[in-house]
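Below you'll find the structure, written out as structure tokens, and then a few comments.
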Amino acid sequence: MAREQALLSTEIVNRGVEPSGPDAGSPTFSVRVRRRLPDFLQSVNLKYVRLGYHYLLSHGVYLATIPVIVLVCGAELGSLSRDELWAKVWGEATYDLATVLAFLAVLAFTISVYIMSRPRPVYLIDFACYKPADELKVSKAEFIDLARKSGKFDEESLAFQSRLLAKSGIGDESYMPRCVFEPNANCATMKEGRAEASTAMFAALDELFDKCRVRPKDVGVLVVNCSLFNPTPSLSAMIVNHYKMRGNILSYNLGGMGCSAGVIAVDLARDMLQASGAGLAVVVSTEAVSFTWYPGKRRSMLIPNAFFRAGCAAVLLSNRRRDFHRAKYQLEHVVRTHKGADDRAFRSVYQEEDEQRIKGLSISRDLLEVGGHALKTNITTLGPLVLPFSEQLLFFAGVLFRHLFPSKASTPPPGEEASAAAAPYIPDFKRAFEHFCMHAASRDVLEHLRSNLGLRDADLEASRAALHRFGNTSSSSIWYELAYLEAKGRVRRGDRVWQLAFGSGFKCNSAVWRAVRRVRRPARSPWLDCIDSYPARMGA
């Protein structure tokens, strides 16, 4: 019971005065009870810590043995004088041509096998973010006005969406397809979906191919993700047809995977590059807002109307070593977490019909709690891969102490509160990453992430700016945030970028990039016309 109460927050709303009746003139108010994002750092499952260290050790075992071998050989050779060593090498040993050639052949074969068996690094050459036309801009006031004129909503539903917009963190220049506001019309048609998706995808790809000076026929792997709009032929087939790509391209279309699908698409593209040696891969992340639009009355389905906006990103990846010199980033880690085995997590973001058989995307009240548990698992696995050894040691010691001595960990010293005694050591992720690109879902979610991860306001500046300027663009939001950091000129050689996204299923996924060179302010970016007004504009 106490645990459930800890996840609840209260807010006094609708203050006023009773207009009539026996209590006329007395003050009135309502109390709204909400679930908060759980403090996932207060509860860490040891098995996910072990999983993270398993990933670390499985890749580092060879590096761990090299110092031992060097130490043993060094101790043996150090016990000999120069004359004794020379005598052992040339005086006591006998050589012939066949022995020398055999040794060189074995050495060359071993080195060749090692080099060929090593997975090639995957580089991000460049990426492009779609900036819709200015006529698609919609302010919060215009949003409500157009929704009212469409005749699809009653006043209660409009008031609910207006309250959501007011605290969403979205500004007055995000983009919406105008078809959703057409009176008495169904916007979720195949024609409207194809038009919206093709406009966004082709604009982003045209810019990407032009910036990278790559022909579409040179691409060997294509991965497209769009959660709700999945036509036949697929979106990936639309791209292959539009750009007349080669016949042996490995194309994939990911659907229904939510806002975290952008990281999943990158992971799939990496695996396909490693397995096929295709050389170049393109990842396209988008969402069809016309298919997230809900013209009904159920409040859980009205939430996506207020947050989702038009957006798309196209990314060019390569595992060719010659592309290192023109690449921006190298992919270091991808950690994926799936909580679909839990029924609450599975239904937290759920597409269904309401009582009037109107289809929409339902957002559960458990979403923040479910997302917190998924995030806890993800960062616990990611931590051993990225945190400095000192942070890992303190964090793991705290976790181990809490598991071995739970009673001591929960008993506060004299004069201290119980909550202070129960709090574990929170790793400082600012020592692992220079830049953070957290999925821009809403202002409340970003604030909970900041407080639970111990981040500064400046660390989430890119996420808040992307939410304010473009809204929640689903799986492409993490790329608008990276574009913001580049437009500010903040990415330098060696900097590490953490992209974190979460979505339906329920999934939480992380991608870690390392800048291989200083990234200068790009000549083409969706932020160029407004970058100097941020972050000040968010406070307006």
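Glycine is treated like the rest: Cβ placed from N, Cα and C.
Automated prediction, rather than curation, is the source of TrEMBL annotations.
Keep in mind that what you see is a predicted model, and the values were worked out from it rather than measured.
As annotated by TrEMBL, transmembrane segment applies to 55-77 (among others).
Taken from TrEMBL, the feature transmembrane segment applies to 97-116 (among others).
Annotation comment: TrEMBL describes 114-402 as domain 'FAE'.
The transmembrane segment annotation in TrEMBL covers 249-269 (among others). If one looks beyond the transmembrane segment (249-269) by at least 6 residues along the same chain, the residues whose Cβ comes under 8 Å of a Cβ in the stretch are 219-228, 230, 234-237, 239-240, 276, 278, 281-285, 313, 315, 317, 331, 334, 336, 349, 351, 439, 441, 472, 474-479, 499, 501-505, 507-511.
The Cβ neighbour count for Cys259 (active site), using a 10 Å radius over every protein chain in view, is 28. TrEMBL lists Cys259 (among others) with the feature active site.
Feature annotation from TrEMBL assigns active site to His338 (among others). Other Cβ atoms within 10 Å of the Cβ of His338 (active site) number 17 in total over all chains.
As annotated by TrEMBL, domain 'Beta-ketoacyl-[acyl-carrier-protein] synthase III C-terminal' applies to 434-514.
Listed in sequence order, Ala462, Leu482, Leu485, Arg490, Val491, Asp495, Arg496, Val497, Trp498 are the same-chain residues at least 6 apart in sequence whose CB falls under 8 Å from the CB of His435 (active site). The active site annotation in TrEMBL covers His435 (among others).
The active site feature in TrEMBL is assigned to His439 (among others).
Taken from TrEMBL, the feature active site applies to His468 (among others). Around the Cβ of His468 (active site), the number of neighbouring Cβ atoms within 10 Å comes to 23.
Sequence annotations record features per position, and here TrEMBL assigns active site to Asn472 (among others).
Annotation for Asn472 (active site): same-chain Cβ neighbours under 8 Å, separated by at least 6 residues, are Ile170, Cys259, Phe307, Phe308, Arg309, Ala440, Ala441, Ser442. Summarising the environment of His439 (active site), the number of other Cβ atoms within 10 Å of its Cβ, over all protein chains shown, is 31. Taking the C-alpha positions, the distance from His338 (active site) to His439 (active site) comes to 17 Å.
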